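TrEMBL annotations:
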- 70-410: domain 'Amidohydrolase-related' (DOMAIN)
- 78, 80, 248, 323: Zn(2+) binding site (BINDING)
- 78, 80, 248, 323: Fe(3+) binding site (BINDING)
- 87, 150, 183, 251, 328: 4-imidazolone-5-propanoate binding site (BINDING)
- 150, 325, 327: N-formimidoyl-L-glutamate binding site (BINDING)
Ligand code: NIG
Ligand code: FE
């Protein structure tokens, strides 16, 4: 399958590939048959239509795609991958009928993970996060967003972000980090949420920015999280420090958190089951991505569906992510999310592919560099062993990856990456 050449000008040339560009047009995904893709210095240098007869540049490595489909590397744009402990006990309680919100109010939920995470060292957290990340990598993920949010002190939040960034030293992966100090009111601030928000805005956000540990800031705007007024302070502090704005909104109720996120030109508004038309319009106007999280919807056995038709109507970019976390989505499979995007949310296979490529990149403000196969973009690509594009959403489990490339480096195939 591979040949090598000595007088090289390009690093890698993929030949005989059918491209899934990642972009979505009116007719569905933009694709192109019989293409060659030239990679140099970690970027896509050129794309040739093979029928043009143009001579390919010489390269260190030629990979014959044998007519397979080449897509952008998948992007999981919303995870809580770094934490200790698990919440299988709460899973059992919920199966017996205790609601998620009741468990949270009784000091379980997010706070039980906070206790376990605070007492874990960076080494321990790294060790716990690696197999979770490996599960995503084995499915073709090349970029992962990781949130803090299980520390809720300055030191513990920064500890989680440091671990998240370190993962890129251990695996071939791009990591985007998000500070989610406003995830829950920590036990020592019980009844003093406003004071905790002051700490988040005056110390934790500025420190995370100064130490370059976070690309964005997130907030859980919800009855069991923070009010819109508190959330707005967090967004203002994020902006003041030059960080992106993201928010968990409209998951369990409608507090108009999406419109608030849009007001601060948020990168994304996430969950959105209770989003209304005014919120959809606000997202469209601010070009904020809608991140849909079918894993949490499924795992909490929610009934309220996100307004997919309205998001389509107003052309809000829809992304999908695992929301991997111990409480509401212990599901480290982006392919499962693609399947659920179709079966639970009635998205099309084309929409779910765009949702984990081009639109995932939008949710991380990476659309200028990742998520699409185009000249000048980072060379993050996956060669799939599939005949039909819908196969990517249709099945999960058996791995159908032939090759995975991250920033121009081939990182192996199948589960052994
Ligand atoms: O995205 N909604 C808030 N945060 C997580 C849940 C965290 C947890 O229960 O540990 C979510 O669903
Ligand atoms: Fe989340």
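Numbers run from 1 along the shown chain.
Backbone N, Cα and C define each Cβ position, glycine as well.
Predicted, not measured: the structure shown is a model, and the values here were computed from it.
Locations of recorded TrEMBL features on the structure.
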{"residue": "80", "record": "Zn(2+) binding site", "DSSP (3 states)": "coil"}
{"residue": "87", "record": "4-imidazolone-5-propanoate binding site", "DSSP (3 states)": "coil"}
{"residue": "150", "record": "4-imidazolone-5-propanoate binding site", "DSSP (3 states)": "coil"}
{"residue": "183", "record": "4-imidazolone-5-propanoate binding site", "DSSP (3 states)": "coil"}
{"residue": "248", "record": "Zn(2+) binding site", "DSSP (3 states)": "strand"}
{"residue": "323", "record": "Zn(2+) binding site", "DSSP (3 states)": "coil"}
{"residue": "328", "record": "4-imidazolone-5-propanoate binding site", "DSSP (3 states)": "coil"}
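Proximity of the binding-site residues 78, 87, 150, 323, 328 to ligand 1, judged by a Cβ distance under 6 angstroms to any of its atoms, singles out 323, 328 in sequence order. Ranking the binding-site residues 78, 87, 150, 183, 251 by Cα distance from residue 327 (N-formimidoyl-L-glutamate binding site) puts 87 first. For residue 87 (4-imidazolone-5-propanoate binding site), other Cβ atoms within 10 Å of its Cβ number 22. Only 323, in sequence order, out of the binding-site residues 87, 150, 183, 323, 327 have a CB under 6 Å from ligand 2. Nearest Cα neighbour of residue 328 (4-imidazolone-5-propanoate binding site) among the listed binding-site residues (78, 80, 248): 80. Checked against residue 80 (Zn(2+) binding site) by C-alpha proximity, the binding-site residues 87, 150, 183, 251, 325 yield 325 as the nearest.
Residue 251 (4-imidazolone-5-propanoate binding site) sits 14 Å from residue 78 (Zn(2+) binding site), taking the CA atoms of both as reference points.
In sequence order, 145, 147, 268, 270, 291, 293, 319, 321, 322, 323, 363 are the residues of the chain that are 6 or more apart from residue 78 (Zn(2+) binding site) and have a CB within less than 8 Å of its CB. Residue density at residue 248 (Zn(2+) binding site): 30 other Cβ atoms are found within 10 A of its Cβ, drawing on all protein chains shown. Geometry remark: residue 183 (4-imidazolone-5-propanoate binding site) versus residue 248 (Zn(2+) binding site), CA distance 9 Å.
By neighbour count, meaning other C-beta atoms within 10 Å, the densest spot among the binding-site residues 251, 325, 328 is 251.
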